[in-house]
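Here's the structure, in structure tokens; my notes come after.
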Amino acid sequence: MQSKGFIRVLAVLLALVCVFYLSFSFVTSSIEDDAAAYAAKVDNNPESQKYKDAYKLYLDSVGHEKVYLGYTYNEAREKQIGLGLDLKGGMNVTLQISVPDILRTLSKENPDPKFNEAIALAEKSQNKDFVGTFCAEYKRLSPNGSLAQIFRSIERVNPGDSNEAVEQILKEEVNAMVDNSYNTLRTRIDRFGVVAPNIKKMERDGQILLELPGIKEPERVRKLLQGSANLEFYETYTLEELQQAFAQLSDSYAAGAAASDEKEAVADSANVAAADTALVAKADTTGAEKAAPAAAVKTLASMLWANGGVGGPAVGLTSVQDTAAVNNILRSALAKQLLPTNLKCAWSVKAVDDKGRYFQLVALKTQNGKPRLGGDVVDDASSEYDQMQGGYTVNMSMNNEGSRRWAQITQENIGKQVAIVLDDQVYSFPTVNTVIEGGRSQITGNFTVEEANDLANVLKSGKMAAKVNIVSESVIGPSLGQQAISSGLWSFIIALVLLMLYMISFYGFAPAMVANCCLILNLFFTLGILASFQAVLTLSGIAGMVLSLGMAVDANVLIFERTKEELRAGKNVKSALADGYKNAFSAIFDSNLTSVITAIILLVYGTGLIKGFATTLLISLICSFFTAVFISRLAFEWMLKKKRFEKLTFTTKISDNFLRNPKINFLGHTKITNIIIAAVCVVILVSFFTRGLNRGIDFSGGRNYIVQFDHDVNTADIQEELAPLFPESSLSVITIDNDSKVRISTNYKIADQGENIDEEVMQILYKGLQPELNGMKYEDFNVSNESVGVVQTEKVGPSIADDMTQGAIWAVMFSLIAIALYILLRFRDLSFSMGALASLAFTSFVMIGFYSLFWGILPFSMEIDQSFIAAILTIIGYAINDTVVVFDRVREMIHLYPKQDRREVINHSLNSTLTRTIMTSSTTALVLLIMFLFGGETLRSFTFAMLLGVIVGTLTTIYVATPLAYTMQRRKIAKQAAKAAAARK
């Protein structure tokens with residue numbers, strides 16, 4: 001072998017690099033063990049706040065200390081190979097910064113109907129480039145319209161600027177605001193105390209991805225992320241000043257004006273804040289929605305009481321069920337006529353009673369529709385315990401401009417109340433006793449320590465540039481993470497051991513141990529390279545490594561089978577090995593390259609779980625090629641220097657006569673197989689039209705909840721209990737792992753953007769499952785550290801689902817086209833390319849059809865989701881390997897025997913590669929079967945699809961790809977013969 005020295009040096013250097021990067025994982029693990037021991041001395045309960053605080057304190061104290069090779073602990077932690085959320089638990093969130101809101105803000109809420117229609121149309125299009133789509137729609141709606149006039153308040157926009165120039169400025173302004181939101185979110189997360197969070201901007205305009213390990217309070221995180229931090233200070237009205245106006249409104253509305261006024265009602269922020277959504281979500285939303293139409297019957301006076309808890313700017317108390325009805329009245333045209341024009345009403349953030357039933361309506365005084373002072377003057381905020389009143393408060397300090405204006409406001413309002421409002425909810429309205437200088441102010445509200453800390457965090461991090469919506473999320477409880485680690489590890493170990501024994505039994509101890517050592521070295525290199533990229537190890541990544549074990553064996557099998565052929569031809573071991581490696585190289589290279597193509601496409605179009613799988617698979621493929629082709633060759637050359645290895649046969653008693661010189665007439669079965677293929681196509685097409693596909697939430701949008709009970713449950717009973725609570729929506733309940741764990745899927749209110757919709761759906765789920773929960777409290781039911789209750793949640797919004805659907809279609813198409821083009825370039829024969837394309841397309845068609853036929857019948861999830869598409873793409877890359885090996889042998893045989901009948905050449909090629917086909921397929925199928933049985937429910941559908949694909953892909957190589965290539969070549973030969981005959985005449 002050429003360049004032995006270079007291969008040795010490269011292998012040693014790569015090993016050293018891997019050892020270096022993997023060593024950081026051991027160092028950080030040791031320090032974290034020390035932190036756990038320190039925290040245990042403070043409190044033995046790992047779930048207690050004292051334990052967590054002590055653990056974090058220890059790690060913070062050593063964060064900047066040099067602990068290993070001149071690296072600090074924080075630097076070492078960044079270089080370790082961490083665990084993904086599916087292995088350690090946590091929260092994965094995709095946020096959408098509202099680009100429409102940003103454009104409206106930049107336009108100063110321009111009322112131009114064409115402008116607003118263009119925004120609405122751009123929102124419907126779901127295009128990734130929102131600004132570009134908006135500008136195109138505006139140009140279509142208003143060909144002579146000027147975007148420069150719409151956005152004239154932007155300093156960079158000049159009156160004479162073209163629409164194209166304004167479009168570029170808008171994109172830059174939007175990117176700047178998204179960057180601002182990105183930085184604001186990063187600051188909030190850092191101050192929240194998440195260890196090793198990951199936050200990055202996505203390709204779509206305004207989308208940000210966050211991965212937050214170890215999160216056990218998802219609702220708290222949702223509020224932290226979605227809070228806009230719009231802090232405002234208002235002067236206030238008193239109840240006495242407004243009592244007569246409210247009484248007149250109540251009487252007039254009840255007298256008969258309600259019916260006409262409700263039609264004219266619009267959302268007017270000058271009259272009432274849009275805070276009713278937050279309040280309604282705290283109660284049964286169905287009840288609140290029913291309350292609104294009752295406004296014509298119920299008077300305002302009957303819903304807005306003036307008893308305890310009323311006084312100063314608090315003009316009344318309302319039950320949470322009536323807040324929507326009160327808001328409707330306050331939004332009405334009649335209210336605009338009777339109430340002061342500078343009045344703005346907002347609800348208190350907390351209820352006045354312990355049960356959360358009654359909220360205060362606070363009367364705020366605006367100046368031209370704006371607050372007296374904005375929150376942008378606040379430069380610091382902190383929480384502290386209030387010894388006098390109990391509970392926690394939030395202290396704020398202002399900049400110089402804010403301090404000056406705050407002193408003026410307090411001077412003008414001595415003896416009156418000034419309301420502190422955050423995100424349109426009133427936190428407090430303290431009475432001003434004296435002039436406050438120095439810019440100091442305080443928010444009270446009997447907060448818990450967590451509420452006070454989060455509020456201070458939000459205020460310090462600043463105001464968001466626009467509204468933030470959670471468009472997809474996944475929350476995995478720690479107990480589920482531990483199960484994933486256990487199942488992933490066991491599937492990995494069992495697959496590795498059985499694969500090694502399989503190779504030994506078929507090729508003998510010495511050759512098999514070379515291949516097995518290459519497998520272990522492949523794993524070592526893969527983990528080391530992942531660590532060097534600071535990648536995280538996920539369950540899907542483990543699946544990629546386990547799968548790569550089966551695929552890595554393919555190269556060794558090709559080499560060993562070729563070497564056996566040379567030995568049977570009478571060559572000695574050394575010559576046979578040299579020729580075996582030489583003859584197998586092209587097939588190994590082609591098959592690995594086609595797999596790399598599909599892995600790259602998965603990497604480009606996949607997200608989350610799929611990206612982790614593709615990354616690991618891609619690295620492992622490259623490492624397996626290096627170890628199988630080069631490292632194993634060095635090992636054999638070293639072995640052959642020793643006499644005891646001169647008689648290597650690469651066979652055992654089991655494999656010696658296995659498929660030796662088979663003479664199966666594969667092409668003779670073409671008619672029968674074509675009938676079977678046609679029948680399969682008809683059955684699948686009928687299933688598509690009658691049963692359809694069971695689309696997962698990745699492609700349809702919706703929510704998944706995995707719920708663990710402490711006893712066996714009946715899915716049909718649960719479905720019956722939940723169905724009335726989720727009206728006009730899809731609902732499915734299936735068993736996961738065992739009869740005590742179920743997955744509940746629904747698309748109920750998935751398109752709604754309310755801040756508290758997720759909490760509302762969780763409350764409804766809790767209510768519906770009450771008969772099975774044995775008195776469990778809601779706080780224990782939600783994703784927590786317990787082994788019972790909701791252990792995982794997942795949400796995919798409609799826009800993300802559309803993106804995933806489109807991405808999946810393009811990924812499969814690009815993969816098929818890319819491989820077909822590669823085969824065409826590599827073999828320079830259209831028949832080979834078309835045969836490969838037909839084989840892969842039919843394999844994909846059968847996989848999808850099988851899932852259409854058997855979903856709801858087989859005892860596991862058979863959804864068409866991202867993992868299923870990943871399985872199809874992986875099979876496309878895998879199945880082509882077999883096709884390439886056969887076509888490579890056909891090409892070789894044609895070169896050696898150009899005058900031999902093409903039918904005999906192809907049959908001989910299929911027979912000569914049959915052992916390799918069976919060996920590779922069986923080893924891969926063995927690995928997949930182990931993953932299917934032991935890899936856990938998360939990977940079950942994926943591994944089943946892969947297992948199905950391996951079987952179908954192997955058969956289609958023999959009965960679709962090769963017969964089609966033969967048919968096209970036969971016609972080509974016949975045409976050439978006819979031309980030659982015509983030329984001779």
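Each residue, glycine too, has its Cβ placed from N, Cα and C.
A TrEMBL annotation is a machine prediction, not a hand-curated record.
Feature list (source: TrEMBL):
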- 178-235: domain 'Protein translocase subunit SecDF P1' (DOMAIN)
- 370-466: domain 'SecDF P1 head subdomain' (DOMAIN)
- 489-628: domain 'Membrane transport protein MMPL' (DOMAIN)
- 786-970: domain 'Protein export membrane protein SecD/SecF C-terminal' (DOMAIN)
- 489-510: transmembrane segment (TRANSMEM)
- 517-536: transmembrane segment (TRANSMEM)
- 542-560: transmembrane segment (TRANSMEM)
- 581-605: transmembrane segment (TRANSMEM)
- 617-636: transmembrane segment (TRANSMEM)
- 672-690: transmembrane segment (TRANSMEM)
- 807-825: transmembrane segment (TRANSMEM)
- 837-862: transmembrane segment (TRANSMEM)
- 868-887: transmembrane segment (TRANSMEM)
- 918-936: transmembrane segment (TRANSMEM)
- 942-966: transmembrane segment (TRANSMEM)
Worksheet entry | When counting Cβ pairs under 8 Å to the transmembrane segment (517-536), the leader among 489-510, 617-636, 837-862, 868-887 | 617-636
Fill in: Per Cβ pairs under 8 Å, the stretch of 489-510, 581-605, 807-825, 837-862, 868-887 packing most closely against the transmembrane segment (918-936)
489-510
Fill in: Same-chain residues near the transmembrane segment (807-825), Cβ under 8 Å, at least 6 residues beyond its ends
593-594, 597-598, 601-602, 604-606, 699, 832-834, 836-837, 840-841, 844, 866, 869, 872-873, 876-877, 880, 883-884, 887
Worksheet item: Under 8 Å, at least 3 Cβ pairs, sequence separation 6 or more: does that hold for the transmembrane segment (581-605) versus the transmembrane segment (489-510)?
Response: no
Worksheet item: Where DSSP helix means H, G or I and strand means E or B, what are the helix, strand and coil counts for the domain 'SecDF P1 head subdomain' (370-466)?
Response: 29 helix, 39 strand, 29 coil
